[in-house]
Amino acid sequence: HSVSRTSSDLTFVPACLPPDPVKVEELQRFVSNSKRLFVMTGAGISTESGIPDYRSEGVGLYARTDRRPVQHAEFVRSASARQRYWARNFVGWPQFSSHQPNTAHLVLRDWEKLGKLHWLVTQNVDALHTKAGSRRMTELHGCTHRVFCLACGDRILRSELQEHFEALNPTWKAEAFGVAPDGDVFLTDEQVRSFQVPDCRKCGGILKPDVTFFGDTVSQEKVSFVHQRLAESDSMLVAGSSMQVYSGYRFALAAREKKLPIAVLNIGPTRLDHFASLKLNSRCGELLPLIV
């Protein structure tokens, strides 16, 4: 069975106690009683695939460094900000794009196949749910594996853009130190200075990853679509997210308004803890396979 063959990388997973058997039983009942389960995942489901998150105590990006992700306005406004972003992303891409789904991703895929999972919304941009085979899914913040032009909207695969980078920068080399959650690495200003960034092949416009950067907003069309899927659901499970970002938190507020039972599986506190029906402080990849 494919679920049992995956291995976990716990480098960026905060320490936690083993699952409480009583809580596991409660989650089992929660899932069994759900006929149309709405699942929202966050960075905490991908940490076991070796991708760091932002906020985890001790191991998240904010705990380890003073670095912050690129802001939408800065990326659009500043050519040097784009050069810095793409240089770091170029170096980090081979490793980031090679990350594989872990047990938790595969369990959620299996729940979909079994008809337990009505809809999955991920706040992650790492494509791991897609790699796992999930189909009834919305990538709330987009995906780093796609790139589009801000001017004409032309879309290309990020892997294709990597080839353009290589052609433009045949002798450019940089040694990376450290890794960030969204696929880039840490480089010095000196390393970045000579990096060449391609323009859109169709119109010469600015190329941007198909993700919602900090400071940007999710499209109203996507938000409405997710609200519709939530309206069709009878319960909500949050897995691996502190829900600190409003773009995801709004759906938990909507679920509470609809009086849907809400279960939370996350290491550390979340914004939902005071109104969730059930809270489990465990690793997603350790606990989800226990639910049948």
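A Cβ is built for glycine as well, from the same backbone N, Cα and C atoms used for every other residue.
Predicted automatically and left uncurated, TrEMBL annotations should be read as such.
Straight from TrEMBL, the features:
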ACT_SITE  HIS141  active site, proton acceptor
BINDING   CYS149, CYS152, CYS200, CYS203  Zn(2+) binding site
DOMAIN    17-292  domain 'Deacetylase sirtuin-type'
Report, as a single number, how many Cβ atoms besides its own are within 10 Å of the Cβ of CYS149 (Zn(2+) binding site). 19
What Cα-Cα separation, expressed in whole Å, is found between CYS152 (Zn(2+) binding site) and HIS141 (active site, proton acceptor)? 20
Let me know how many other Cβ atoms fall within 10 Å of the Cβ of CYS200 (Zn(2+) binding site). 19
In all the protein chains shown, the tally of other Cβ atoms within 10 Å of the Cβ of the residue listed as 'active site, proton acceptor' is 22
